[in-house]
Amino acid sequence: MLRGTFVALITPFAGEEIDEPRLRDLVDWLIANRVDGLVPCGTTGETPSLSDTEWQRVAAVVIEQAAGRVPVIVGTGTNSTMVTIQRTRVARELGATAAMVVTPYYNKPQQDGLYRHVAAIADAVDLPLVIYNVPSRTGVNLAPETARRLLDIAPVIAFKDSSGSLDQVSELVLAVGDRSSVLSGDDSLTLPIIAVGGQGVVSVLANIAPAATATMVRAALDGDLARARQLHGELFPLARALFIETNPVPVKTAAELLGLCSATVRLPLAPLAPANRERLLAALASCPHTASLLARPMGEAA
């Protein structure tokens, strides 16, 4: 089971190439700021825009740079069961702690199809799994009852829920009990999800405000509601601003403004609109946990 703050890592680019030096710097900076784990090759990492070779390289670099200091959960999910099995095997060979498997997108499988998909992966590869439910992107919702059934046949150590529904998260927490963790996939809902029984977050926000995000989550899990609410209030406007356009466009723009890496995203994603860039800059300047990093030279924040 997982507990704490796990960073949904961005993938820095230098032109058309992966910016490995910035990626390594980012890993070190996040670990120094006491996050509990790293999740490369997910939605925020622009995985659908990476070649197979690039996907493997990003996973390998993060695992190598983390060097066992924190768990590394590699995104291996695709909309092909066969390809997902292949990638999960590679993640295991690279030394990943676990694989994050998103529900298959575009295909719109039934609940039985989702069950069989995860069962096939678990049968083929001996690696703990984090199941990722994000209906807004996949077109399918993993039902809490299906999640409960998966625990009987697969080593699922956590469910990442980005349904946006506290009712569903509450049902999921009740369905899985103490057999697995439930992690928020929405930064703005992290505190409420912990309040109903969640155990942490897979966080976009933690790419740029790692220490504050991790401190908020620890406070909430430790029962320090006053501290958790204070940090939630300080971080909430920025968390919302990171979704003024499609993720990860805003968070990569924020990373550039904070001197962490280039804002470059790959097509079909486009750069942040100028008006939204100004809104994002205002949110960064207003947040006490990012304001001091603004205008640093590239790489200095790391």
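From the backbone N, Cα and C atoms, a Cβ is placed for every residue, glycine too.
The site 'Part of a proton relay during catalysis' annotation in Swiss-Prot covers Thr43 (among others) and is backed by sequence analysis. DSSP classifies Thr43 (site 'Part of a proton relay during catalysis') as coil under the three-state reduction. Within 10 Å of the C-beta of Thr43 (site 'Part of a proton relay during catalysis') we count 23 further C-beta atoms, all protein chains included.
The pyruvate binding site feature in Swiss-Prot is assigned to Thr44, Val202; the stated evidence is sequence analysis. The DSSP secondary structure for Val202 (pyruvate binding site) is strand. Packing around Val202 (pyruvate binding site) is summarised by its Cβ count: 29 other Cβ atoms lie within 10 angstroms of its Cβ, all protein chains included.
Taking Cβ-Cβ distances under 8 Å and a sequence gap of 6 or more within the same chain, the neighbours of Tyr106 (site 'Part of a proton relay during catalysis') are Asn79, Thr138, Gly139. Annotated site 'Part of a proton relay during catalysis' per Swiss-Prot: Tyr106 (among others), in sequence order.
Sequence-distant contacts of Tyr132 (active site, proton donor/acceptor), defined as residues of its own chain at least six apart whose C-beta falls under 8 angstroms from its C-beta, comprise Gly42, Gly75, Gly77, Met100, Val101, Val102, Thr103, Phe159, Lys160, Ser162, Gly185, Val202. Secondary structure at Tyr132 (active site, proton donor/acceptor), taken from DSSP and collapsed to helix, strand or coil, is strand. The active site, proton donor/acceptor annotation in Swiss-Prot covers Tyr132 and is backed by sequence analysis.
The active site, schiff-base intermediate with substrate feature in Swiss-Prot is assigned to Lys160; the stated evidence is sequence analysis. Following the DSSP three-state reduction, the secondary structure of Lys160 (active site, schiff-base intermediate with substrate) is strand.
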#### Entry: CB within-chain contacts under 8 A for Thr44 (pyruvate binding site), separation at least 6
Ala8, Leu9, Ile10, Val204, Asn207, Asn247, Pro248, Val251
## Note on the structure
Students should find that the Cβ of Lys160 (active site, schiff-base intermediate with substrate) has, within 10 Å, a number of other Cβ atoms equal to 27
### Task
Sort Tyr106 (site 'Part of a proton relay during catalysis') into helix, strand or coil using the DSSP assignment.
coil
